[in-house]
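This report concerns only the one structure given below.
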Amino acid sequence: KHWSPHGPSPCPDELRLMAAPLTLLLIVAVTIRAVLFRSSLAELIPERVEVVSPLNAWKRGSGIIMMSSYLFQTPLIIYFFHFVIDYAEIVFMMADALTAVALYLAVKDYNKTVFRKQKYALEAERYPLDCLELIRTPKEMYYIPLKVAMFYLLNPFTILSCVAKSTCGLNNAVIALFILCTVKGSSLMSAIFLALATYQSIYPLTLFAPALLYLLQRLYIPVNWQRSSFWLFTTQYTFMYLGSLCVMVCLSFFLLSSWDFLSSVYGFILSVPDLTPNIGLFWYFFAEMFEHFRLFFICVFQINVFFYTIPLSIKLKEHPIFLIFMQIAIISIFKSYPTVGDIALYMAFLPAWNHLYRFLRNIFLVSVVLLACSALFPVLWHLWIYAGSANSNFYYAITLLFNVAQILLVSDYFYAYLRREHHLTHGLYLKRKDGSEATLVLK
């Protein structure tokens, strides 16, 4: 294959070859979900606290729609399900399929951008000669979009979330469409889908910065506080985002003729009144917390999700897509009511960073810990709730270890990404002034 300004340009035959595996993957994924929906597990999975939370748990009874979290869902999602209640299983399967296709197209378009930038850098001889082995080739990147879709559709976490009819799958679909529109350069649709994601759960607000950085980069507008073009586009995108969000909030008010949903939905997310065990960090800590310290620590815990946005945006301002990956991972770890469906979304991006594997330090250990914790969740839950031979400390210990492993995973990828970028600038084999081999340390 040869370099082209837009990466490899597949012919119609190649396009058909690329579409066929994706179609087969979608058929397999839908079949697995359909079989599970008709199995006895369909009654068991929605009861798992790892798969559902008070915010997205689903129940159906007496022939009408009921959410166990009815008061904690946004009015638009409740209104939507009034029309599709009889086709709920199909809706959740379609949501997963839509998410996978959106991620597939987004990563495919992102790869073209990577090729174009890489080609220009090679022509300008910006890369040191000893780091040419780090250059990504069309051959190694050809199947990455398919792998991303596969990592999402066939991830057990995604399958469990779909069979449980967790509305997390719908949130993932909205975020995936937001990423696709951002990568395609559609400012208006990007702002609308980001507003919809924020309307659903607040936390996607942190994705505003990377989306803005990517769109500025795509339009060749530098991030310069003194440039009028920077402020003009930032104002336009902010207006589109806030305007879309206001329309959704006002539409919710017209549906209910009340503002009570603001405290029921967003107040519930931020104040964490329901301490049902989950895979997050909040429930155990606040179950043991003295009431007069609660507000202070609620603020400390909630700030965690938003705190890293500014420093990461400064460090990764030239790499906004990787920043989106980092922010989605941080949200899934530190949000108040996380489920395995949230984790599945950022894990789907891991094949997109397969060029970082040589720089990862703890990937084997972290993978083993994540697998072990996933297996131990139901075991320790049974010992605690049913057998009575354990207590909440056992379950929270596994939860804590699971989240530490996620933090190590994300930190490892962050380190690997920065290290590769450093090598592309300064060379692969670093030397000290005295000629001895140097070691790169992330600080």
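In case you wondered, yes, glycine gets a Cβ from its N, Cα and C as well.
Curation does not apply to TrEMBL; its annotations are automatic.
TrEMBL lists 15-36 (among others) with the feature transmembrane segment. Within its own chain, the transmembrane segment (15-36) is flanked in space by residues 42, 45, 89, 92-93, 96-97, 100-101, 104, 145-146, 149-150, 153-154, 159, 162-163, which lie at least six positions past its ends and keep a Cβ under 8 Å from the stretch.
Summarising the annotation, TrEMBL assigns transmembrane segment to 64-84 (among others).
Among the features that TrEMBL reports, transmembrane segment is placed at 90-107 (among others). Within the chain, the transmembrane segment (90-107) has long-range Cβ neighbours (under 8 A, six or more residues past its boundaries) at 22, 25-26, 29-30, 33-34, 84, 144-146, 148-149, 152-153, 158, 162, 165, 169-170, 172-173, 176-177, 179-180, 182-184, 345, 348-349, 352.
Annotated transmembrane segment per TrEMBL: 202-221 (among others), in sequence order. Remote same-chain residues near the transmembrane segment (202-221) are listed as 175, 178, 182-183, 185, 187, 190, 194, 227, 229-230, 233-234, 237, 241, 266, 269-270, 305-306, 309-310, 313, 316-318, 320-321, 323-324, 327-328, 330-331, 335 (criterion: CB distance under 8 Å, separation of at least six residues from the stretch ends).
If you look up TrEMBL, you'll see 241-259 (among others) marked as transmembrane segment.
Long-range contacts of the transmembrane segment (265-286) within the same chain, counting only residues at least 6 positions beyond its ends with a Cβ under 8 Å from a Cβ of the stretch, are 49-50, 53-55, 71-74, 201-202, 294, 297-298, 301-302, 333-340, 377, 381, 392, 395-396, 399-400, 402-403. Marked as transmembrane segment by TrEMBL: 265-286 (among others).
If you look up TrEMBL, you'll see 293-314 (among others) marked as transmembrane segment. When Cβ-Cβ distances below 8 Å are used as the criterion, the transmembrane segment (293-314) is approached by residues 203, 205-206, 209-210, 213, 270-272, 281-282, 285-286, 323, 326-327, 330-331, 334-336 of the same chain, each at least six residues removed from its ends.
Among the features that TrEMBL reports, transmembrane segment is placed at 359-381 (among others).
If you look up TrEMBL, you'll see 393-415 (among others) marked as transmembrane segment.
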Six or more residues out from either end of the transmembrane segment (393-415), which same-chain residues have a Cβ under 8 Å from its Cβ atoms? 277-281, 283-284, 325-326, 329-330, 332-333, 343, 346, 350, 353, 356, 359-363, 365-366, 369-370, 373-374, 376-377, 380-381, 383-384, 442
